[in-house]
Ligand SMILES: NC(=O)C1=CN([C@@H]2O[C@H](COP(=O)(O)OP(=O)(O)OC[C@H]3O[C@@H](n4cnc5c(N)ncnc54)[C@H](OP(=O)(O)O)[C@@H]3O)[C@@H](O)[C@H]2O)C=CC1
Ligand SMILES: O=C(CO)COP(=O)(O)O
């Protein structure tokens, strides 16, 4: 039995796709919102999409506790609090983190967070290039399922693959979570570059050099370089840095244009830029683009000055 905790855009889209395999529980933290979704079979997070009957929408944790696999589809900075608040309901289960970010308080990804808080759980990561709106409409997507326990990984791959979600398997949870988290920061930089009018050539340079620093940090922390070359790294970087459907990219566009952006939107790259800038400094890893994004989103430097700093760095080998 599968439950999805978090009924925002991604959690709901995943529940819709999984419901084509069998019954799914979708947990929303807000009881009134949950009741509305159950009654109307729709959500403002996915306009125009009808929620299939196979999704049992609830605000009761007891319903989640009945599942053996729980997908955690909420923003990265909220995962720790959610796990701490629901230890009894979640321990012993396969917990599949679907978020893309680094916890600002601990500077770790979701697999480590799960392991630290619920040692009896089996941590896994579901990540890769996929917009909720595409999944919810039944469009084809390919994702990475990462689980250090190979047997559990095989089971999750089988259970979470659907007609429009094709899952590739790895045991490298660290690489998978880093790929998904780090690309969001580069997507902000890419959006800012386009928003500022610097053009597609400059964006290609940012994406390529951004990918180089993503790989550098991942290798330093012990991730498998091959993981970053796959869906969670290269794949998601490509999607997020080039599509207007991405909130991180659109946030960057707004920054570049000097416009305001929806303060309530989930833009994971903002906090993650700050977390990764700290992590890179602590580990002595050179991450100039991420560090500058942290400065820009922190309001400590303007976009133009930040890009100017990148271009004036000492010349080096590729
Ligand atoms: N949208 C997408 O295309 C994709 C998103 N992701 C990742 O999925 C994660 C969630 O994003 P997404 O669904 O888009 O975000 P949304 O903003 O659409 O939804 C966030 C959901 O998390 C819930 N939530 C917020 N805070 C808490 C909390 N403290 N405890 C429990 N639930 C909470 C919200 O509840 P409420 O409605 O009550 O505020 C809402 O249901 C992010 O890490 C994102 O990077 C990954 C791939 C694709
Ligand atoms: O991660 C995503 C696509 O793979 C979604 O991107 P945004 O969070 O930037 O919207």
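Every residue gets a Cβ built from N, Cα and C, even glycine.
Curation does not apply to TrEMBL; its annotations are automatic.
Feature annotations, courtesy of TrEMBL:
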- 2-150: domain 'Glycerol-3-phosphate dehydrogenase NAD-dependent N-terminal' (DOMAIN)
- 6, 7, 8, 9, 10, 11, 132, 247: NAD(+) binding site (BINDING)
- 10, 29, 45, 100, 132, 247, 268: NADPH binding site (BINDING)
- 100, 128, 130, 183, 236, 246, 247, 248: sn-glycerol 3-phosphate binding site (BINDING)
- 100, 247, 248: substrate binding site (BINDING)
- 172-304: domain 'Glycerol-3-phosphate dehydrogenase NAD-dependent C-terminal' (DOMAIN)
- 183: active site, proton acceptor (ACT_SITE)
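Feature map: annotations from TrEMBL on the structure.
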residue: 9; record: NAD(+) binding site; DSSP class: helix
residue: 100; record: NADPH binding site; DSSP class: coil
residue: 128; record: sn-glycerol 3-phosphate binding site; DSSP class: coil
residue: 236; record: sn-glycerol 3-phosphate binding site; DSSP class: helix
residue: 247; record: NAD(+) binding site; DSSP class: helix
residue: 268; record: NADPH binding site; DSSP class: helix
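Contacts of residue 45 (NADPH binding site) defined by a Cβ separation under 8 A and a same-chain sequence distance of 6+ are given as 7, 8, 9, 12, 132, in order along the sequence.
Proximity of the binding-site residues (11, 100, 236) to ligand 2: a Cβ under 6 Å from the molecule is found for 100, 236. Annotation: 236 carries the greatest number of neighbouring Cβ atoms among the binding-site residues 236, 268 [cut-off 10 Å, Cβ to Cβ]. Sequence-distant contacts of residue 246 (sn-glycerol 3-phosphate binding site), defined as residues of its own chain at least six apart whose C-beta falls under 8 angstroms from its C-beta, comprise 131, 187, 191, 239, 240. Within the model, the domain 'Glycerol-3-phosphate dehydrogenase NAD-dependent N-terminal' (2-150) carries an average pLDDT of 98. Within 10 Å of residue 183 (sn-glycerol 3-phosphate binding site), counting CA to CA, the binding-site residues 6, 29, 247 contribute nothing. Each residue in the domain 'Glycerol-3-phosphate dehydrogenase NAD-dependent N-terminal' (2-150) gets a DSSP state, and the totals come to 52 helix, 33 strand, 64 coil. Nearest in space to residue 236 (sn-glycerol 3-phosphate binding site), taking C-alpha to C-alpha distance over the binding-site residues 6, 11, 247, is 247.
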